[in-house]
């Protein structure tokens, strides 16, 4: 028997496979398709202080082994979330991580404050990396000082562990990871989407109204993996790895590169059962490799030559 | 999700294919206007599933049909599939067409492959006693026409238009609808439409000007298919966005803004 459980940011997960924010709604949508309680954790769609209507269509565009999205954080706002979504989420048997986003540091602070009485939230994932909004979002994750400031503000308000979700659209992600670690982040999520674009050749203009959009899927996996590997060597806090994880093999790569847990995102659109298949695949892999605990695999790719 | 065996996959018109699946759950529960979310390959490329309206179901035979047009990579892969192969599908998903009130005449307007869900609708309408509807169908050219005889077999009278005039009237099916409503001013009718955006926009205008209800089946690129990813947005008349997969794909014309 392999022990799949992991402890990350003080939360105990029965397995290291979570879902990536924005791909899983508020879990209810998928609960009709499979038992979401089998997941390691559920991560909600990003919540802002006020309701947000999101970007005009088109919001999706498929690319080779990838997906561009420009949803723009459409969400019911923190009050709508508490009223309409939390009653379902709080009864789940798995940790629920609430993703929060804001335009200003003050907004992050107020959302954290408003969520703090909700018993049952396992952690906040601070989204400082959304590429699809006019203000805030990714801008905070592009500079160590602003990343620090947001995480510090949330940490001060929140009784819950804080996970910082970082943007890959920076020249050195280690600087940002170090800054949020110093600000008190309990873990980091790597990566949000890569900034990309598509052009409509018939209309001769960008496909998206906001021109740039966020790329996810297998197309970004090697980049995500590289960033997890880099950050693992730079910080002490645990890493949640994500970016194009479609099968157990991808998940194992992230874990060996240094991720303590992984999140499955766009793969869910292709196959809603992908996270469950990955959990089973991880178990088989660990068994074949004579590991009694999945956590024994974390960061193994960093050994010196002599250790292999 | 279910695995459905392909029974047939054949060309019915230029670049238009009919795919029949053994899918008892779909056959049992599908309503006209609902769709299936189909995975075209096993691997991650193309990444997304493809949504297709259900064109027919045969409950006794446990089958469901979709009719699709080969437009890109996903549908091109799909067109190569052979009977006996298995497809992974989700569905039936979404909200379908409402049935008309008693004594209301159904007017169907379909353009191109948008005719597909209207075939299933016509079948359902034909089972409601006393309904003899009309179908106004449009295609770009004679070689792309399909489905006329199916509507006729359900008791619909069919009028046809093609853009190049190679079959039926030269022009658009919305002109046929307009002509009909001009000649039958007092008719108590309901319009059901599916097709290109311009067609839907025109139908919405015509129905509004005649004061008759219209239901439109919309198409949009979809991610999850179940309302989680918020990718298939359409502007709501009340502000904000509706999701084509969950709130539609069929909308009352006044609910959404078509641009």
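Using the three backbone atoms N, Cα and C, a Cβ is placed for every residue, glycine included.
The domain 'Dihydroorotate dehydrogenase catalytic' feature in TrEMBL is assigned to A:4-284.
As annotated by TrEMBL, FMN binding site applies to A:21, A:45, A:46, A:99, A:127, A:165, A:191, A:217, A:243, A:244, A:265, A:266. A coil conformation is recorded for residue A:21 (FMN binding site) in the three-state DSSP classification, outside any helix or strand.
The substrate binding site annotation in TrEMBL covers A:45, A:69, A:70, A:71, A:72, A:73, A:127, A:192, A:193. Look at residue A:72 (substrate binding site): DSSP puts it in coil.
Look at TrEMBL and you will find A:130 tagged as active site, nucleophile. Residue A:130 (active site, nucleophile) is surrounded by 26 other CB atoms, counting those within 10 A of its CB over all protein chains shown.
Among the record's FMN binders, A:21, A:45, A:46, A:99, A:127, A:165, A:191, A:217, A:243, A:244, A:265, A:266, no two C-alpha atoms are more than 20 Å apart, and one pair sits at exactly that spread. What surrounds the substrate site, by Cβ distance within 8 Å of the Cβ centroid and not counting A:45, A:69, A:70, A:71, A:72, A:73, A:127, A:192, A:193, is the set A:22, A:46, A:130, A:131, A:132, A:133, A:214 from the same chain. If you take the Cα of residue A:193 (substrate binding site) and the Cα of residue A:243 (FMN binding site), they are about 8 angstrom apart, rounded to a whole number. The Cβ of residue A:45 (substrate binding site) lies under 8 Å from the Cβ of A:21, A:22, A:24, A:25, A:26, A:75, A:99, each of these being in the same chain and 6 or more residues away along the sequence.
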